[in-house]
Amino acid sequence: PDQPCPERSGWNYLIRLSDQASSLKSLENPHPSIPQLLSQEMQKFLGLEVTGKLDSNTMEVINKPRCGVPDVGHFSTFPGMPKWGKNHLTYRIVNYTPDLPRDAVDSAIEKALKVWEEVTPLTFSRMHEGEADIMISFAIGAHGDFEPFDGPGQSLAHAYPPGSGLYGDVHFDDDEKWTEDASGINLFLVAAHELGHSLGLLHSANPEALMYAVYKPNRNLDHFRLSQDDVDGIQSLYGESCWTKQALKLCDDAT
């Protein structure tokens, strides 16, 4: 079958990254300065040489597995800095991937939540029915939120910032091969990243950060730690963990 034109594919990618500029979506022949500016912003953000062109290095990064939340825009928190107005949050695993045993999925989600719990006053408890703050599900293609998945590769998952209804929820693309190790797409790593979005973080420009947009499977899974950049971002929203001496007196707020 015919392969899509790389430059057209790259331009479509830049449009997807610019959801805030919705008028761009209707442009069949965009002004040449628009893709150049978007390319420059994305290249800066991803730590690439800034050429303003969809060159081979840029296209290589574009085609890597990644989070489905846009890169270009506000790079630390969502606009308006939305956050949960309480420190105790609930989550529910709505369904499961056939790639892993249920207890492996449960464990990966618990471990991913613990990553954020350890550095903030936040705590999480699981619900098995009803509407939780964070609803976690696996889906393929169009799944009811106007953000359809694209099949294996590229967009692995997406999540929504804090709020009611769909907001706060996490969706995983079940066309991916989810694993407990680095042989496929590691569920824990992607879940921890997406839950960062659910808590209010956007992407980081730091390649060492968990919240970097591109999936990096070569992280230490046995002794995983957030980068200082991740910690600074989440603590800017919620403060330090109750277990730190300085923050202990601040953790008796409403739940």
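Even glycines carry a Cβ here, placed using N, Cα and C.
Automatic prediction, not curation, is the source of TrEMBL annotations.
Record features (TrEMBL):
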ACT_SITE  GLU194  active site
BINDING   CYS67, HIS193, HIS197, HIS203, MET211  Zn(2+) 2 binding site
BINDING   ASP99, ASP174, GLU176  Ca(2+) 1 binding site
BINDING   ASP133, ASP169  Ca(2+) 2 binding site
BINDING   HIS143, ASP145, HIS158, HIS171  Zn(2+) 1 binding site
BINDING   ASP150, GLY151, ASP173, GLU176  Ca(2+) 3 binding site
DOMAIN    80-240  domain 'Peptidase metallopeptidase'
MOTIF     65-72  motif 'Cysteine switch'
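Overlay of TrEMBL feature records on the structure.
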residue : record                : contacts (Cβ under 8 Å, 6+ apart)
ASP99   : Ca(2+) 1 binding site : ASP174, LYS177, TRP178, THR179, GLY184
HIS143  : Zn(2+) 1 binding site : SER137, PHE149, HIS171
ASP145  : Zn(2+) 1 binding site : LEU166, HIS171
ASP169  : Ca(2+) 2 binding site : ILE134, MET135, ILE136, SER137, ALA159, TYR160, SER198
MET211  : Zn(2+) 2 binding site : HIS193, GLY196, LEU201, LEU202, HIS203, SER204, ASP229, ASP230, GLY233
Residue among recorded positions ASP133, GLY151, HIS158, GLU194, HIS197 with Cα closest to the Cα of GLU176 (Ca(2+) 1 binding site): GLY151
Cα-to-Cα gap, GLU194 (active site) vs GLY151 (Ca(2+) 3 binding site), nearest whole Å: 18
Spatially closest candidate among ASP133, HIS158, HIS197, the listed binding-site residues, to ASP150 (Ca(2+) 3 binding site) (Cα to Cα): HIS158
Nearest of the binding-site residues (HIS158, ASP173, HIS197) to ASP133 (Ca(2+) 2 binding site), judged by Cα-Cα distance: HIS197
Near-site residues: Ca(2+) 1, ref ASP99, ASP174, GLU176, CB cutoff 8 A to centroid: THR97, PRO98, PHE138, PHE172, ASP173, ASP175, LYS177, TRP178, ILE185
Between ASP173 (Ca(2+) 3 binding site) and HIS158 (Zn(2+) 1 binding site): CA-CA distance (Å): 8
Protein Cβ atoms within 10 Å of HIS171 (Zn(2+) 1 binding site), excluding its own: 23
Surrounding CB atoms that lie within 10 Å of the CB of HIS203 (Zn(2+) 2 binding site), all protein chains: 25
Secondary structure of GLY151 (Ca(2+) 3 binding site) (DSSP, helix/strand/coil): coil
Other residues, Cβ within 8 Å of ASP150, GLY151, ASP173, GLU176 Cβ centroid (Ca(2+) 3 site): ILE140, PHE149, PRO152, GLY153, GLN154, SER155, LEU156, ASP174, ASP175
DSSP three-state assignment for HIS171 (Zn(2+) 1 binding site): strand
Between ASP173 (Ca(2+) 3 binding site) and HIS197 (Zn(2+) 2 binding site), the C-alpha gap once rounded to whole angstrom: 16
Per DSSP, three-state class assigned to GLU176 (Ca(2+) 1 binding site): coil
Average pLDDT across the domain 'Peptidase metallopeptidase' (80-240), rounded to a whole number: 93
